[in-house]
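**Q** So Swiss-Prot lists these for the protein:
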type: BINDING; residues: Lys92, Lys137, Ser144, Gln175, Pro176, Val178; note: ATP binding site
type: DOMAIN; residues: 95-298; note: domain 'ATP-grasp'
type: ACT_SITE; residues: Arg220; note: active site
type: ACT_SITE; residues: Arg254; note: active site
type: BINDING; residues: Glu269, Glu271; note: Mg(2+) 1 binding site
type: BINDING; residues: Glu269; note: Mg(2+) 2 binding site
type: ACT_SITE; residues: Glu271; note: active site
Amino acid sequence: MGILALVTDAVSLPIDYDMPPLLEACRTVGITAEVCDWEDGTVDWSRFEAVVFRSPWTWAERQAEFLAFCERVSHVTRLITPMPLVRWALDKRYLADLAAHGVPVIPTTVVAPGSDALAAVRDFLAARPEAREFVVKPTDGCYSKDVQRYQRSLAEPASRHVARLLANGSHVILQPYVESVDRHGETDLTFFDGVYSHAIHKGAMLMPDGTVHVPTLDFRQARDADEDQRAVAAAALAASVAHLGLDLPLVCGRVDLVRGADGSPMVLEMELCEPSLNLTFSEDGALRFAQALAERLKP
């Protein structure tokens, strides 16, 4: 078995809480793993048996550069996350694809660069008279960067936010704010090779006053997912595999769910390329991940 590269970056590694338990689990199952910085131009990627993206989260500021990096690396070694999945999973427009496959998702409107931001926000609110609050987010962000919660009356400030994101070349998502999040938070489910492993509860990140919390460990706690949640998350992963025409289940993935007005689970978002997997909240999660990776590394 060759060497496995665990890809991160210098900024993100200190907040990659999964890396220490994953490295230990890799040693346990006999994987030789090295932590590598995708921004380090001196790395010889051809010497690795395979590459798995763990926390290269600076991609959000340099998406085109990151995708070009992934393409280059894919020509000299094997990406555990194949390129079609990388491109698709880093753009939250995948929510429309999930919905087309019948997966329940938060109602989502996408605004394209070149659109009139104020008109887009007003049209969205007109179509959602029940939405007392709404959320603006880029389709290509992570860690709640550039995400904001707005009162319905704040269409103009929200439109300025949308305009700024559009000017940067991002598509923008508009969604009604799901009020149950304030009471119940979200449930984030982790899967390995399509099989449920564990879940956590995460408290609300977007505050009514506009404060946006960073999802540190303080906002997370272990929580088992119920059968309805597991079924929706599994359906989302199966739809992802079907949509992309992949031959294997995803080696890892996280599906974040919230409760709709009727209490049923729906997808908030997924992390399938470089997910934080909440391994510190599961006794055996890191080992299950390492075992899934070991299966992919078999000749």
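Here the Cβ of each residue, glycine as well, is placed from N, Cα and C on the backbone.
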**Q** Near Lys92 (ATP binding site), which of the recorded positions Arg220, Arg254, Glu269 can be found within 10 Å, Cα to Cα?
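**A** Within 10 Å Cα-Cα: Glu269.
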**Q** Checking the contact step here: among the recorded positions Ser144, Pro176, Arg220, Glu271, which have a Cα within 10 Å of the Cα of Arg254 (active site)?
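**A** Qualifying among Ser144, Pro176, Arg220, Glu271: Glu271.
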**Q** Mean pLDDT, the domain 'ATP-grasp' (95-298)?
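**A** A mean pLDDT of 95 is what the model gives the domain 'ATP-grasp' (95-298).
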**Q** Roughly how many Å separate the Cα of Glu269 (Mg(2+) 1 binding site) from that of Pro176 (ATP binding site), to the nearest whole number?
**A** 14
**Q** Pop the Cα-Cα gap between Lys137 (ATP binding site) and Arg220 (active site) into the table, whole Å please.
**A** 22
**Q** I'd like the number of other C-beta atoms within 10 A of the C-beta of Lys92 (ATP binding site), please.
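**A** Its Cβ has 22 other Cβ atoms within 10 Å.
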**Q** Pick from Lys137, Arg220, Arg254: which of these recorded positions has the biggest number of other Cβ atoms within 10 Å of its Cβ?
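**A** The residue with the densest Cβ neighbourhood is Lys137.
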**Q** So if I draw a 10 Å sphere around the Cβ of Pro176 (ATP binding site), how many other Cβ atoms end up inside it?
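**A** So the number of other Cβ atoms within 10 Å of Pro176 (ATP binding site) is 21.
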**Q** Hey, does DSSP put Pro176 (ATP binding site) in a helix, a strand, or just coil?
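**A** The three-state answer is strand.
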**Q** Across all chains shown, how many C-beta atoms besides its own are within 10 angstroms of the C-beta of Gln175 (ATP binding site)?
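**A** The Cβ of Gln175 (ATP binding site) has 20 Cβ neighbours within 10 Å.
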**Q** According to DSSP, which of helix, strand or coil covers Glu271 (Mg(2+) 1 binding site)?
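**A** Its secondary structure by DSSP: strand.
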**Q** Going by Cα-Cα distance, pick out whichever of the binding-site residues Lys137, Ser144, Gln175, Pro176, Val178 is nearest to Glu271 (Mg(2+) 1 binding site).
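**A** Nearest listed residue in space: Ser144.
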**Q** Looking only at Glu269, Glu271, which of these binding-site residues has the biggest number of Cβ atoms within 10 Å around its Cβ?
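**A** Most Cβ neighbours within 10 Å: Glu269.
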